[in-house]
Amino acid sequence: MSVVAENLFWGVKRRTIVSDVSLTVAPGETLGLIGPNGSGKSSLLRLLAGLRRPTSGHVEINGQDVTQVSRKALSREVAFVQQSSATDTNVTVADVVRLGRTPHRSALAGWSETDEAAVGEALESVGMTSRKRQSWQTLSGGERQRVHIARALAQTPKVMFLDEPTNHLDIHHQIEILRMVRDLDLTSIIALHDLNLAAMFCDRIVVLQQGAICACGTPQAVLTRDTLRDVFRVSAHIGVSEDAGRPHIRFSAE
Amino acid sequence: MDRGMVRLGLLTLVSAAVLAFAIAFATAIGDYTIGLGTVSLAITNGLGLTSAELPPIEESVVWDLRLSRALVAALAGAGLSLCGAILQALLRNPLAEPFVLGISAGASTGAVCVIVLGVGAGSLSLSAGAFAGAFAAFGVVAILSNGATSGPNHTILAGVAASQLFNALTSYIVTTSGNAEQARNVMFWLLGSFGGVRWPDVQLLMLIVPMGLALCIYLARALDAFTFGDEDAAALGVPVGRIRLVLFALTAVMTATIVSMVGAIGFVGLVVPHAARFVVGPMHMRLLPACAVIGAIFMVTADIVSRVIVAQQTVPIGVVTALVGVPFFAIILYRARPQA
């Protein structure tokens, strides 16, 4: 499914946080959203997912305005993984992943085989099947993140938004999660801090600066010395990695 | 049928039997002990199923006084426990209970206005005053917390503020214009009492509590989705603002009705949902019915204890629930320490 945003504006009080953002994400594409702290990545992600209403402008997912679709109908197609969400409730891993079936179930319907299959598959793809009876409270930060991703997968979405999904993960799981998301047959939009990971796994990258898009294109086109200096205020050397000629950034200490 | 269903069926049967036994026991016991045989005949007589010859006093004590009292206790216990479970889920706080929204404080101010100040000049009953006060407190909390859209901590803080405000108003009214007799009445009422309840009270609760249970079971999936907070609930397709408003209104109506009838009975709404979670787990489709049943049994039992613990005297029901509730509260506090 495609995601199209036109002239999005959003802010709190008088401060504009997202400023005139327009973008188009093709079906099946993996789009990276990068930018310094406070550049509006998380806010833009929530606007695109329909979790917040823009002050002006609109978002269409698969040609439908997200504010016109009911929350429930939208959640059958669109999943959102937050940066970190916690609970005090003593739930199991399986309980959490089952929550992903919420938009597919009517109020009093029983648990169907389709639900069970979706949950099983989701647990399998994040490698947590053997842990499904474990209590959520005993998981490490990285394991919790993988369970959240499994919950999003159990929604069987066509579009997935992820807000810094690789925070708290070790390098193996960072790469594994991003590879999995890229290889899934869905449109994904990922806010990322690690520029090299963005370069490795995204088809296209959008660079945000103070709420506005300042560059958009393939990793090669976007991740240039000039962008890194002007937007991220670092000096870096950009090489070419062995994977399919994607850029590789080496930051310099000086 | 799989084993889970069999277990659930068995649990339902057992709990229904325990509840029925507790209610029967509550009608048999008292200053004037009546045999269980007479009790069951008096009840079937009252329902029009039998027409056995019984001593009229015993029949009247069972049917008019004790059975209505036991049923109100059961329904009030069920209702307060449901409110506790709902608020703990919505506010994502293990210590939330109906009175955190300031409802009991508001009810007592309303009651004091009627008893002490004579608001309504005799046309308003204590219950009506308490009901109005409870809703006034709910309104203050709603305004302070910016309606249904603000975060859970904001709502709890607003509830604390409202409780303090209304408690201060109550104390002010009692100390400046009350006499000792009135103050004693207010105190007694504040601690809760099933003494004055009759069949019309049963009928009202029979309407409100089962309807509340049905509504929140219908919304059980949505309550589950709040596990990780409002935004995750929204991402799972729950219309967060609307659901919060409906459920807050439901808790306000149930709590205000119960408080205006039997006074502010603390700790039931806090303790019972936690106890129920130990038995059936945290998912609301099972938790809510379990809360209703355990709450009913707990309250009927507490009422029996309040009547027999001191001979010839009834201890306020709130004292009994608090004496059981406070140690439990300590256990919850201990367990709710942040996880490493």
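Using the three backbone atoms N, Cα and C, a Cβ is placed for every residue, glycine included.
No curator has checked TrEMBL annotations; they are predicted automatically.
Range B:315-334 is the one annotated as transmembrane segment, of B:15-34, B:315-334 (source: TrEMBL). Here the transmembrane segment (B:70-91) does not lie next to the transmembrane segment (B:126-144) in space: the count of CB pairs under 8 Å, restricted to residues six or more apart, is fewer than 3.
Two recorded stretches are said to be in contact when at least 3 C-beta pairs lie under 8 angstroms, sequence spacing 6 or more; the transmembrane segment (B:287-309) and the transmembrane segment (B:98-120) fall short of this definition. The stretch from B:98-120, B:126-144, B:243-275 that makes the most Cβ contacts under 8 Å with the transmembrane segment (B:204-223) is B:243-275. Under 8 Å from some Cβ of the transmembrane segment (B:126-144) lie the Cβ atoms of residues 101-111, 113-115, 119-120, 155, 157-159, 161-163, 165-166, 189, 248, 252, 255-257, 259-261, all in the same chain and six or more residues away from its ends.
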